[in-house]
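Chemist: So TrEMBL lists these for the protein:
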- B:12-37: transmembrane segment (TRANSMEM)
- B:65-83: transmembrane segment (TRANSMEM)
- B:95-111: transmembrane segment (TRANSMEM)
- B:117-140: transmembrane segment (TRANSMEM)
- B:152-171: transmembrane segment (TRANSMEM)
- B:202-221: transmembrane segment (TRANSMEM)
- B:247-267: transmembrane segment (TRANSMEM)
- B:273-293: transmembrane segment (TRANSMEM)
- B:300-316: transmembrane segment (TRANSMEM)
- B:328-350: transmembrane segment (TRANSMEM)
Amino acid sequence: MTDALLTLSGLSKAYPGVRANDDISFSVGRGEIHALLGENGAGKSTLVKTIYGLVQPDSGSMVLDGQPYNPAEPREARARGVAMVFQHFSLFDALSVAENVALGMENPPGLRALSDRIAEVSRSYGLPLDPARTVGGLSAGERQRVEILRCLLQEPRLLIMDEPTSVLTPQEVEVLFRTLRQLREEGVSILYISHKLGEIRAFCEAATILRQGRVVGTCDPRETEPRAMAEQMVGASFAAPSGAAREPGAPVLALRGLSAPAPQAFGTPLREIEVTVHAGEILGIGGVAGNGQDELTAALSGEMTVAPDMVSLKGTEIGRMGPNARRALGLCAAPEERMGHAAAPDMSLTENAMLTGAQRRGLVHRGFLRWGAARDFASAVIDRFDVRTPGPGTAARALSGGNLQKFVIGREILQAPECLVVNQPTWGVDAAAAAVIRQALIDLAQEGAAVVVISQDLDELMEIADRFCALNEGRLSAPRPMRGLTLEEIGLMLGGAHDLKEAG
Amino acid sequence: MIRLERRREPSRGWALATPFIAVLLTMLAGGLLFAALGKDPVEAIRTIFWDPLFGPYAGYSRPQLLVKAAPLILIATGLSLGFRAGIWNIGAEGQYIVGAICAAAVALAAYPAESVLLFPAMVLAGALGGLLWGLIPGVLRVRFGANEVLTSLMLVYVAEALLAAMALGLLRNPEGRGFPGSRNLAQYPSAANLEILPGSGMHWGVVAALIAVVAAQVIFARHQLGYRIRLTGAAPRAAVFAGVRPGLLVLVCMGFSGALAGLAGMFEVAGPAGRLSIDFGAGYGFTAIIVAFLGRLNPFGILAAGLLMALTYIGGELAQMQLALPVAAIQIFQGMLLFFLLGIDVLTAYRPRIGKARA
């Protein structure tokens, strides 16, 4: 390893009630791809925000290139050669690529000169991008390229990347990795944040593992067992979900030519979706964000109604029915967004139990609410799914992401649905909670329910799904057995119509 | 520098304390205002808050408290249903007027026949008139996406024009020697909304207001409709997921609040006001918005807030007469109440931190 570019010593940052970073020390070498590993809430975000000048540490110091480094704001960090690609893009849909890049620069050159620079840099790094295109029409992978290009134009020496692959297809991930390796060859250091152990093993040279705000280990990921790293992240060993092979039973949910116009301006229309889900089966639906996942979930949950025969449950045509009528027949759903969609943040868990449980758990009698029964139901979910909370009276907002997700999924599972549709069941959830949720989904299928898991996490689908299909621009590919599918085949199914050819 | 930090859960203590602090601050700031106008602030505050109940003329002003509070409470209770769901009916004043017109029209059509059925028919007509007037902005929003704040407010002015047309035309008292205004319904036994207990100010509108408060409390606490209203206000997407049809809810809330405002208009025109006149609309529909928020959109809170607001009305009139305070000063004083309430309200969801900002 070469000498250090950035050295952190004893960085601490406390927020009310939580020590986000506690005495963190490590260093990133020149031309090194350094992984920062940890569960959600381990303090990764606070740490990189400190390095990028968005957060001021309570104590500790940083040295960049032999000089003391204590950026008061991101502009200062950028001036010192530190650039960052955020997990959530900050781009304007209505502006072109070049205009978006110009907005993020201190002294942008003229638009034409900038466009030439963008074209040149994108060619030399194998990131095909037309500077004149409007960002609103770009895929998630292309949007990320805009962010990366914005950083590259500043010729950074340290590039921070926050969960960059969460929105990419495997092929797009390959393109990204090639770019990052090329940057390393040029001497740029990369601080790479992720919790995907596979990709970290593939190309990081050093890794620092955080847990509860502290450094709990450093290792060379190329020589360390993924399982050992995972256990360090979680701080305990946990069982991978397991289940005996299931025999698919009778058809439960059938989609016949399911089509629907986009409900909002930037939504995706659903196009001619055909699939049948059987009892005891988990159908995995993969796809890159924004390809119709939300719309498909809404069409299944009943929030968006379609022609009656497009959706049927055990032979009953339910396309025209609203959410509660579908629940009464045994179709339950859990949408992606926990806060404000699957649950009302300011309401108590009891009230949130009422939200979907009213029908099947008999929480309503002649229009009047049975709060006692709702509280019992909420308590049952809390107990059965190990939701960490003081009690059912707590507001949903006060729960951590993983705990609220366990509550949301548990609430549906305890209604004993005949068919359950979940969208991104473990998104932003810590590994232990994710394992609980996946096991619960497997158990539900084993009890004979048909389960549809819509997810952008391919590892998750490979772990629990029996059959796999891909959602691309509102179209669903024909399902194929999960077992035996290679990552490359999956990538091709996902990428469908995406343009993946590289420039140059 | 003072910063605001979001609380993990809204503070219950602050939610309860806010109205009281707002009233106190209003008294303080109002006192300063009155002092600046050259009046004795202590005397002015006492005239507004104390004299109507216990002063030398309390015998006259005390019954007025219920007379003024009843329409405020009735309207504000209806408004709170929609407000909790984020449906902003600002046009209760118009629904109040139309309710009164409809009720008066029924009574005047029957005049001078006497029947026990007339009063219930007027109640029905008043509620129906307000309901339909409230449904207009509701339908416009559901059908065309028109903002109900604007449409309901604009319909107030339509209702006022309608009132003037009725008072001068169709419903004018034929024996009124050309003066604008209808016959006096208070002198028409079958139609009159008289005091139930003489000297108390307690008329049927007060009874209706109390029933509405209790019913609203039951709806919010125990009924599916109240839950759906609260859910829609707290998380609209979650409400749709829970099976709420947002358009239907808009119609229900606009219709409900319109009907209660129309009822208030009916009780007013048949009792305290007695007749339809050009200046029948006294601003109850607008003041009720303040009452609804002052009462924290909670039925019993609205009950208390309605009484308090009625008190400032009566006390304000007293202060105008006895201390020669300008009417604008009284209105500013009432406006301050809402201003301080909304200002302090921030503290239920946020915690103030004093100190240098840390990123």
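Backbone N, Cα and C define each Cβ position, glycine as well.
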Chemist: Any chance you could find the range in B:12-37, B:247-267, B:300-316 with the most Cβ pairs under 8 Å to the transmembrane segment (B:95-111)?
Modeler: B:247-267
Chemist: Going through B:117-140, B:152-171, B:300-316, B:328-350 one by one, which has the most CB pairs that fall under 8 Å from the transmembrane segment (B:12-37)?
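Modeler: By the under-8 Å Cβ criterion, the transmembrane segment (B:12-37) pairs most with B:328-350.
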Chemist: Does the transmembrane segment (B:202-221) make contact with the transmembrane segment (B:300-316) through 3 or more Cβ pairs under 8 Å, each pair 6 or more apart in sequence?
Modeler: yes
Chemist: Can you tell me which of B:117-140, B:152-171, B:273-293, B:300-316, B:328-350 gets the most C-beta pairs within less than 8 Å of the transmembrane segment (B:65-83)?
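Modeler: Top-ranked stretch among B:117-140, B:152-171, B:273-293, B:300-316, B:328-350: B:300-316.
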Chemist: Cβ under 8 Å, sequence separation of at least 6 from the ends of the transmembrane segment (B:152-171): give me the contacting residues as numbers and ranges.
Modeler: 88-91, 93-95, 97-98, 100-101, 104-105, 108, 133-134, 136-137, 180-182, 254, 276-278, 280-281, 285
Chemist: Grab the same-chain neighbours of the transmembrane segment (B:273-293) for me: Cβ-Cβ under 8 Å, and only residues 6 or more beyond its ends, written as numbers and ranges.
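Modeler: Same-chain contacts beyond the flanks: 71-73, 75-77, 79-80, 83, 90-97, 100-101, 104, 156, 159-160, 163-164, 166-168, 171, 173, 180-187, 261, 264, 302, 305-306, 309, 313, 334, 337-338, 341-342.
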Chemist: For the transmembrane segment (B:117-140), which stretch among B:247-267, B:300-316, B:328-350 has the most Cβ pairs under 8 A?
Modeler: B:247-267
Chemist: Mind checking which residues of the chain, 6+ beyond the ends of the transmembrane segment (B:300-316), have their Cβ under 8 Å from one of its Cβ atoms?
Modeler: 19, 23, 47-53, 61, 64-66, 68-70, 72-73, 76-77, 80, 209-210, 213, 217, 287-288, 290-292, 294, 325, 327, 330, 333-334, 337
